[in-house]
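Visitor: When I checked Swiss-Prot for this same protein, it listed these features:
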type: BINDING; residues: 15, 16, 17, 127, 163, 191, 244, 263, 264, 265, 266, 267, 268, 288; note: UDP-N-acetyl-alpha-D-glucosamine binding site
């Protein structure tokens, strides 16, 4: 490396599944002396979160096109052109050696702007099915990486960068050794919650009685309703919280997780080494199903598509897993994980910047 520090622009926005992996890579490279800036949108979570991590952020105006009316679709080319022009001006000022696209609407115009300026584009696809933006950008990218096999036919599988506190958890055989008593079930619907989990799990608790103890993240604004649902079936002892700030501590507590299967959730559960019941969000491209499938194939998880996520099916599944079976599943989950995903992505960014 020359005397001048290398410069990276991270393009990621919208959801934690895009932003948190980008932050992990950014911090890794900043620790090596890189200068990092972020490209995002002013009305999504990155606007608040990224500056809290000590990273400067620039904004462009762009939003998704899916589900919009005809008027919005007709205006889309002009909106994309304007966003491309904004991104291009930002990159001309910052002069990054490489840009890293981690997903979200911002990556499209940002990637095109970088390509038009001759700046190498590195892509990371977090999901088992590639999003539309990354499908387009892959044609102009210098390098494409994927978290799960199958999103792109020839891309290297590098996993998803996950938070260091999750990676620091003791291995399952250490963490779960000597545990007895009720099976500890962690229910996580994401920050928005998941209605199907909130409605079904209190009934599951009623069936399983004192063989389980549940910690249930309900999502915003429904904690009291979910608490009442548990109390209404004679199970008021279970813990319900709106959010869980320290997910690593929650994973450390749990014997099994019941949750959606967003890319980052699946990767964190594998890294922690936890068995899971996954309930994929119903989306036309079945993205969350494909995210969870490698863990089910490894014997570390069970997938219930939402129509099959019934009280009977879930209660029977949980009742059928002994502590020995759960430990075996936990070890299989950990074996599938790629704990050095952050280093792999950062290493590829560094390689591209040198060439």
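Cβ coordinates are placed from backbone N, Cα and C, and glycine is handled just like the others.
Buried or exposed, and what's around them? Tell me for each listed feature.
Guide: Within 10 Å of the Cβ of residue 244 (UDP-N-acetyl-alpha-D-glucosamine binding site) there are 16 other Cβ atoms, across all protein chains.
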Visitor: Across all chains shown, how many C-beta atoms besides its own are within 10 angstroms of the C-beta of residue 264 (UDP-N-acetyl-alpha-D-glucosamine binding site)?
Guide: 23
